[in-house]
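Novice: Shown below is the structure under consideration.
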Amino acid sequence: MALRFPRFSQGLAQDPTTRRIWFGIATAHDFESHDDITEERLYQNIFASHFGQLAIIFLWTSGNLFHVAWQGNFESWVQDPLHVRPIAHAIWDPHFGQPAVEAFTRGGALGPVNIAYSGVYQWWYTIGLRTNEDLYTGALFLLFLSTISLIAGWLHLQPKWKPSVSWFKNAESRLNHHLSGLFGVSSLAWTGHLVHVAIPASRGEYVRWNNFLDVLPHPQGLGPLFTGQWNLYAQNPDSSSHLFGTSQGAGTAILTLLGGFHPQTQSLWLTDMAHHHLAIAFIFLVAGHMYRTNFGIGHSMKDLLDAHIPPGGRLGRGHKGLYDTINNSLHFQLGLALASLGVITSLVAQHMYSLPAYAFIAQDFTTQAALYTHHQYIAGFIMTGAFAHGAIFFIRDYSPEQNEDNVLARMLDHKEAIISHLSWASLFLGFHTLGLYVHNDVMLAFGTPEKQILIEPIFAQWIQSAHGKTSYGFDVLLSSTNGPAFNAGRSIWLPGWLNAVNENSNSLFLTIGPGDFLVHHAIALGLHTTTLILVKGALDARGSKLMPDKKDFGYSFPCDGPGRGGTCDISAWDAFYLAVFWMLNTIGWVTFYWHWKHITLWQGNVSQFNESSTYLMGWLRDYLWLNSSQLINGYNPFGMNSLSVWAWMFLFGHLVWATGFMFLISWRGYWQELIETLAWAHERTPLANLIRWRDKPVALSIVQARLVGLAHFSVGYIFTYAAFLIASTSGKFG
């Protein structure tokens with residue numbers, strides 16, 4: 001009996017119902033709530049698990065390299081990146097029959113294969129990999145790193161190698177290590193790789209371990225570095241006629257500021273990127289030497305924060321007390337990390353398509369669409385997680401005495417003002433945007449499209465013009481040829497940048513009009529509403545006017561009985577749960593907008609987006625319905641084609657999504673009654689009644705059923721859109 005799951009909670013292990021299993025799974029990672037947990041063991045467990053996480057990441061990336069080297073067509077893709085379709089891996093058992101085998105045999109392969117839409121081919125090509133042997137070498141190296149990570153994780157669980165709590169709470173050393181050791185050194189190492197391997201490869205020179213000590217990355221070697229003539233490294237860059245991967249039109253520069261894109265690959269100049277990483281490395285190496293550790297010099301974080309008291313007195317005691325609050329709360333630290341990472345991930349999505357870093361990826365439209373959508377969804381989940389852990393911080397870790405009258409306390413003191421302002425902004429955006437869309441819908445329906453309300457986004461156009469886009473005729477800042485900003489950059493990066501901004505073959509500063517104005521405000525509605533729900537959930541996590549003692553009920557209580565006017569749907573968990581639906585909704589609008597605008601751009605019929613995006617029926621008919629037609633034809637009475645797998649996934653995604661509602665729109669009593677009936681029938685059925693179970697079956701709790709419903713809703717939603725996105729894009733552009 002002592003060994004029953006969960007081992008970390010004796011109370012749960014002795015529960016006679018199936019609740020034991022579900023609650024066990026739900027709290028498996030909530031180390032703080034486990035029996036016998038100490039602060040020291042908590043930190044040590046989390047630290048050791050990080051190595052396991054790294055091991056999984058290295059193993060996964062190793063697998064990518066290995067499968068492409070084994071079953072892909074990297075070497076033939078390298079010969080013609082624009083016309084050969086990159087293969088991810090083989091398909092052992094294509095469904096169904098000979099037509100499937102024929103449909104999936106492509107990309108020059110001998111048998112059925114999956115096409116890669118992840119951009120790894122372009123990435124590996126850009127950083128200097130050229131052969132399958134290179135890929136195998138990389139796979140083995142990452143496998144080695146994975147093994148090292150596992151050993152390190154195991155090692156740090158051994159008594160002799162377990163770090164102490166004081167080591168984990170040494171904020172200055174950790175900052176220095178992460179800034180200099182991780183960001184600084186890795187950026188410097190990456191600059192080294194770009195200069196020594198990637199840039200020579202882009203010029204047709206193959207540098208590997210056997211010759212990298214003999215090949216000078218720059219004709220003058222380290223001379224210019226030591227003599228202070230750093231500008232020599234920027235002289236003689238690749239010409240605009242340079243053929244990537246060959247010496248034709250190649251230069252000798254290694255660190256440049258050309259601006260814009262390489263004309264052939266439509267990606268950023270490699271020498272610009274090397275320069276960028278060197279600058280980042282320098283900044284972070286300096287930043288990592290700013291905090292006081294063993295030598296008694298530099299900043300103390302506590303002193304810095306305690307000194308941050310705005311003199312006007314309008315923020316009370318400012319940042320006093322924050323050092324200990326943050327340093328002693330893992331949830332606060334995780335919340336900050338997730339908020340930062342979420343924003344960065346969304347920025348990655350925005351920059352990967354507008355400023356492509358990898359050669360030829362801009363012309364691989366399906367990959368562009370897949371990467372944008374992937375990173376925006378990931379960002380959404382990470383950002384909602386930030387608020388969830390912020391709420392848990394307020395419930396478990398926040399001390400009013402430690403934070404008296406500082407910025408945290410003042411946030412809680414005027415939470416009504418924050419929440420009501422967000423609510424007002426959301427209502428304003430929602431009613432006005434929907435009002436405009438619906439008005440336009442009605443005008444179209446009654447055959448008077450000229451009566452639509454179409455608003456030009458003049459402020460956004462002005463901002464684009466300030467960055468050098470000339471088509472709007474604003475003549476301001478970088479789009480004004482006689483301004484100081486224009487003249488200052490004329491000799492370095494500006495010509496390349498202006499050329500890129502004003503050329504219509506890329507995604508940098510797309511021309512915008514009334515359709516963009518409307519969908520921008522629809523997205524703003526989604527962002528503000530999601531934020532409203534999350535912020536309210538976190539700020540009310542300790543208590544609200546209705547339920548001042550909410551803190552005592554924890555993070556995820558369902559209700560507090562019928563008293564107080566009914567307290568269902570007000571726990572911090574409920575806010576997170578509702579916010580995820582809004583987050584998915586918002587990212588749906590974001591990705592619909594991005595995808596439709598780009599499909600029309602790539603097909604050369606931008607007027608379709610411009611004309612149809614100003615009313616809801618246009619979105620439903622000319623984006624969703626029109627682009628799902630090929631998808632629905634993956635299987636038809638005449639057979640099947642290579643889109644069949646996406647057609648199946650589209651259907652399956654809808655099924656999973658719809659299953660979510662079974663958990664979301666029904667209450668416990670129904671399930672409990674059903675379970676009792678099934679258990680009764682089971683116990684009275686010959687043969688079946690030979691199988692017994694220890695735990696009495698009980699229905700999921702309200703919170704658990706909601707989680708299961710939310711998981712199905714999210715997974716189904718994403719599967720459905722992923723299939724639609726990839727099939728509709730690859731069906732058009734291959």
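Indices start at 1 and increase along the chain as displayed.
Glycine too: its Cβ is placed from the backbone N, Cα and C atoms.
For reference, Swiss-Prot lists these features for the protein:
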{"type": "TRANSMEM", "residues": "46-69", "note": "transmembrane segment"}
{"type": "TRANSMEM", "residues": "135-158", "note": "transmembrane segment"}
{"type": "TRANSMEM", "residues": "175-199", "note": "transmembrane segment"}
{"type": "TRANSMEM", "residues": "273-291", "note": "transmembrane segment"}
{"type": "TRANSMEM", "residues": "330-353", "note": "transmembrane segment"}
{"type": "TRANSMEM", "residues": "369-395", "note": "transmembrane segment"}
{"type": "TRANSMEM", "residues": "417-439", "note": "transmembrane segment"}
{"type": "TRANSMEM", "residues": "517-535", "note": "transmembrane segment"}
{"type": "BINDING", "residues": "CYS559, CYS568", "note": "[4Fe-4S] cluster binding site"}
{"type": "TRANSMEM", "residues": "575-596", "note": "transmembrane segment"}
{"type": "TRANSMEM", "residues": "643-665", "note": "transmembrane segment"}
{"type": "BINDING", "residues": "HIS654", "note": "chlorophyll a B1 binding site"}
{"type": "BINDING", "residues": "MET662, TYR670", "note": "chlorophyll a B3 binding site"}
{"type": "BINDING", "residues": "TRP671", "note": "phylloquinone binding site"}
{"type": "TRANSMEM", "residues": "707-727", "note": "transmembrane segment"}
Novice: Taking contact to mean 3 or more CB pairs closer than 8 A (sequence separation of 6 or more), are the transmembrane segment (369-395) and the transmembrane segment (707-727) in contact?
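Specialist: Checked: the transmembrane segment (369-395) vs the transmembrane segment (707-727), in contact.
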Novice: Do any residues, 6 or more residues outside the transmembrane segment (273-291), come within under 8 Å Cβ-to-Cβ of it, and if so which ones?
Specialist: 171-173, 175-181, 183-185, 187-188, 190-191, 194-195, 198-199, 234, 254-257, 298-301, 357
Novice: Can you name the far-off residues of the same chain, 6+ from the ends of the transmembrane segment (417-439), with a Cβ under 8 Å from a Cβ of it?
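Specialist: Answer is 411, 452-453, 455, 518, 521-522, 524-525, 528-529, 531-532, 535-536, 539-540, 614-616.
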Novice: Express the distance between the Cα positions of MET662 (chlorophyll a B3 binding site) and TRP671 (phylloquinone binding site) as a whole number of Å.
Specialist: 10
Novice: State the Cα to Cα distance, in Å, between CYS559 ([4Fe-4S] cluster binding site) and TRP671 (phylloquinone binding site), rounded to an integer.
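Specialist: Pair distance, Cα basis, whole Å: 19 Å.
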Novice: For the transmembrane segment (643-665), give me same-chain residues lying six or more residues beyond its boundaries with a C-beta closer than 8 angstroms to one of its C-beta atoms, as numbers and ranges.
Specialist: 95, 100, 103, 628, 630-635, 700, 705-706, 708-724, 726-727, 730-731
Novice: Which one of the binding-site residues (TYR670, TRP671) has its C-beta surrounded by the most other C-beta atoms within 10 angstroms?
Specialist: TRP671
Novice: For a quick check of understanding: among the binding-site residues CYS559, CYS568, which residue's Cβ has the most other Cβ atoms within 10 Å?
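Specialist: Of the binding-site residues CYS559, CYS568, the most buried by Cβ count within 10 Å is CYS559.
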Novice: Which residues does HIS654 (chlorophyll a B1 binding site) neighbour through Cβ under 8 Å, counting only same-chain ones at least six apart?
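Specialist: HIS654 (chlorophyll a B1 binding site) has long-range Cβ partners GLY716, THR720.
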Novice: Count the other Cβ atoms sitting within 10 Å of the Cβ of MET662 (chlorophyll a B3 binding site), across every protein chain shown.
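Specialist: I count 13 other Cβ atoms within 10 Å of it.
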Novice: Write down the Cα-Cα distance for TYR670 (chlorophyll a B3 binding site) and CYS568 ([4Fe-4S] cluster binding site), rounded and given in Å.
Specialist: 19
